[in-house]
Structures are given as structure tokens and as C-alpha cells.
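Step one of this worksheet: look at the structure below.
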Amino acid sequence: MRANPQISGGSGAALRPAHRSAGSSRVIAYFFLTGLGLVLILPFVWMLSTSLKHPGTEFYYPPQWIPQPPTLQNYLTAVSRADFLRSYYNSIKVAVLTLLPTILLTSLAAYALVKLRFKGRNHIFFLIVMLIMVPQEVTLIPNLLLMKGLGWLDTHSALIVPNIFGSGAVFALFVMRQNMLSLPDSLIEAGKIDGATHWQIYTRIIFPLTKSAVATVSIFTLMNSWNDFIYPLVYLNSSDKYTLPLAIAMFQQAYGMTEWTVWMAASTVSILPLLIAFLFAQKQFIDSMALTGVK
Amino acid sequence: MTVSKLTSVAAPVLQRTRNRLPGEGAWATCFLLPLLAGLMVFLLLPLLVSGYLSFTSYNVLEAPRWIGPQNYRELFGQDPMFHKALLNTLIFAAGLVPANMLLALVTSVLLNQVRRLAAFFRSVYFIPVITSEVVFSVVWLWIWNYDYGLVNYVLKMLGLTGPNWLGDSSWAMLAVIVTRLLKNLGMNVVIILAALQSIPGMYYEAAELDGAGWFKKFLHVTLPELGPVIFLTLMVTIIGAFKVFGSIYVLTGGGPAGATNVLVMYLYQLGFKTFEYGKASAVGMVIFALILALTLVQWLLRKKLVYQEE
């Protein structure tokens, strides 16, 4: 009777065999999904709401969701503090300087691993993939000694360089490699016939074709370096070198619990760039996150 | 060269050699070396050095002195703080991982049932994932607050008196687990949902023809099809649980009275508060050993359980 759902159902939802069951279960589903969504989004709503409250009104009880009246003063206070803008600049600097080499190095390496023939190719790939098991937290102290030796302590190099070559790079290489495996070898043959070197084939033919991998790696790398906490905490001393998560974690110690409204304004501003990047690229990003899981 | 005489084993080898143009090895070296060298220097070498340091007595003032397995003996034999950190890490993982997996599974199955707003919900669930652990936890500092926090406000409306969540050693771990759960749940939802959507609809049709209800369909079609993805998300979630630091640093600092002190927190305290680099390295190696052991177990189980039907 129901073997052909294309005919049996009138509405769009009825076309999907798994979901033909009753509407009541769908009501329960929406109820659950909305509830979970509210719980997950609540902290952000409160963060935004508090950032718009007058200092001293943030702990009114019962909690006030809508500031009366709202004020932008907290944002002005946060932004007027030299340290905060400085940490914003530091985060952008660290993120960009981590991102560009990560893209270049991992995509070059992926090209070699996928499109070039040489001895031990698979062994090298296997070795690199094994490195994903090494957590950054475990290499904290040896890297500290290395940074000390290089004279990089309390500099941004100590955040950038180990991040470029951290387990994030292994993940990035993996994504790039998957993408390049799908490109036909004939592209390279064509390049060779035209007398191009591998560098030219890579820069002119292959790299431009790996946009989706580059996008995925970019957002993932940005997310990691923008939110990195333990490395800045350990390697940085001077507050003018702080990145955003460190600045926000240290805010309480610097200004005390009395400035919740400013603290929330700073937190709100700190998540904006990634939030905007995510909202623009969410389809691409979520799809590729999902793909790495399925494959 | 007489190709016809070649055995089936030799042919592919020759094929490969013939296809290799002069200079490909050199190009490969140029392209691979920068990344490979960096990974060796900043990832592999530090791991080896960490292994070495774990057998030394080393602080900032003196050079490392070889003491054999004494750090490990001290940690496992007579260090109550380490025992607590190890136990707390296991409790944290044991609380977080099943909750995360179960909630993610239920959520993604329900999300797969609805058509309207599915993409919207998925994005909402993912927003905490892209937020920094620090910022997310800072906001939850308020939510858990004893006097004016949201959780106790809701409990009060229900006629209950909530505990001092983050300040009470019997409740702090629960609060930390819930916070971290909500922070990263969306990642597993997105990955499991993608796997659900790739299950061919005809499997369900066939099950329906056999008269299977939703539960039987879930048990006999959905779960087996999700096998590999459940294993992957499980591993990532477990490893993440072993490495937890940022949430705990912000929410409790490891307190009260060490109730939420976990291994990475203890490593941080040993390395950067009391400067016992040798012992801290030993804690690091314990974390690495845990992750390594679990990865191996996963690898073996995966072969046995997940692919048995193929």
C-alpha cells in the first residue's frame, strides 16, 4: 500500500518515508528542539542583555531580560580601555599569521602526498596522521623550553608557530588531501604537456580548485587560534600581548566583580567576528564538518 | 623491455617507476619538508622531550636530573592531589561523554524528523561550538550563581532551593559537566545528523514492509548505519573530555577543595605555579597514555564491531 510514497502522500513531508508517522510526534520533536535551542542560546541572550544594562542593575532579582533603559555605555567603556582594543588587535594578528602559513604549508604538502610519486609516500602520510593523537596540552612544557631557547617567550611567535605545526595542521592536511584526491590526474598531465613545473601546476591549476577545502581549513584554523586559551595563558606575561580569551579571563582579576556589564560588553564584542564569519559561511562550514565525520 | 614476461607482482612496481618523472622526488621534498620539519620540531620532538623530562627532577633553577620512574611512583603512590585529578578526570569523562552522546543522538534523530527550521536549529546548536570556552564559561558563572543566578531562580519558581553550585564540592563537578556539555553538544549533533541524512530511505521502506515500528527501525536500521560515526564522535568526545581545561579554569579554578581539579589543571599547577617541570611532564605523559590507549581500543573495537556486517 505504502510502497510508493511519491503517490501516497499529498504534502511535502509525506514524501519522506521515514517521517510519515503522525503529527503528534512532530509536535514533540519541535517542542524538544525549541527547548534545547533556548537553553543553548540563553547565555548569549543574557550576555547581550547584561552588556546593555546600567552598572548596578545587572543583578536585579528576579533576572531582568530587557534592560530598562538600555545603554551603550559599557561598550564605550570596554573599547576605551587600551588593553581591550590591543587584545583585539593581537587576536586578529595571531589568527591571520597562523592562517596563511597553515593554508600554504598544508595544501603544498597535500599536493605532494596526492599528486607526486615518491618513495615512502604512504608511510609519511601515516606518520603525520598519527601525530593527531598528540594533544597540545602534553607538549606545553617542552614547547615552553623551546620558546625560551628561541627567545620567543612573551611574544606572539610563541602562539603562532606551535599552532601552525600543531595537531590542527594535521587535521588541515587531512581535509586538503581529501579534496585533492577528488581532482583528476589528467589536470597535471595537461600541465606537464604544456611544460609547466610542479610549482606552476600547483599555483595555477590545483590550488584554485581546492577552494572548499581552503574555506573549511580557514574557518577551523581561525576558530582554533581565536579561541586558544592555554597557550596564551602560559606563554604570555605582559598584558599588552594578551589575546581576547586571555584578556577576558583576566578581566575579573584586573577590574573585579563590580564590572559585569563592561565584562559582558567585551565578551559580546569578542565573539562577533567569528559569529559573523560563521553566519556567512555556515553552510559550507557545517557541511564540511559533517563530511569529515562521515568519511 | 618485455612486459609480457613480468609477473603480476612486478608489473605494478614497474608501472609506478615508469610513471615517476625525473625530479618528482625533489619536488615532493620541497613541498613536504616545511610542514614535516615543523611538525617534527613543534609536535613530535616536544612529545619525546616530555617523555624524557618525566623521568627527571627539573625546576626552573636547576638542570634536569635523571631520577628514573620516581615521578610516576610519587604520582601514583603518594600524591593525593594526583589521585583526585585522575579520578576527577574519569568522573568528568564518565559524566560528560554518555550525556553528550545520548543527547546528541536524540537531538539529531529529532532534527532529522522535521523539515521546517531544521537548518535554523542546527545553526543555533552550533553557535556555542564556535564561541570560545572562556567566554561561554564566563556567562555560565552567572547562570550557576547562588544568589542571583538563573538556575537557582528557576528552581525557586518550582519551590526548591538550589545549592551553591560552583562553591559546593558535591555539586561543582555536575555544574562543570553541564556547562561543557552545552558548549560542545552542537558538534556531535551536526556530525551525526549528516550521517543520518546519508542513510538510504529504501532501508526504512524495506523495514516498514516487514512491519517494523519506529523503535525497531531505529534499532535495526539507524543504529547500525550510524556505527562508524558514533565511534568517531565518541572518540573525539572522550579525548576532548580528557583535555578539559578552559571551562574549569574559568568556572572553578579546580576548586572547591580540588573537587573539579582535573589532569590538565594539575599539569598547569605543577608546571606553572610550583614549577615542577619533571612531575608536570609525567602528568602530561599520563594524559597522552590515556588517549593512546583509548585510540588503540577504539581501533580494535571498530574493526570488530562496526564493520562486521560488511
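All residue numbers here begin at 1 and follow the chain in the order shown.
Cβ atoms here come from the backbone N, Cα and C positions, even for glycine.
Summarising the annotation, TrEMBL assigns domain 'ABC transmembrane type-1' to B:86-298. What TrEMBL records for B:26-49, B:90-111, B:123-144, B:164-182, B:189-206, B:226-242, B:249-268, B:280-301 is transmembrane segment.
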Might you confirm whether the transmembrane segment (B:123-144) is in contact with the transmembrane segment (B:280-301), defined here as three or more C-beta pairs under 8 A between residues 6 or more apart in sequence?
no
Which range wins on Cβ pairs under 8 Å with the transmembrane segment (B:226-242): B:26-49, B:90-111, B:164-182, B:189-206, B:249-268?
B:90-111
Looking only at residues six or more beyond either end of the transmembrane segment (B:164-182), which have a C-beta under 8 A from one in the stretch?
88, 91-92, 95-96, 99-100, 103, 128, 136-137, 140-141, 144-146, 149, 151-152, 241, 244, 247-248, 251-252, 255-257, 259-260
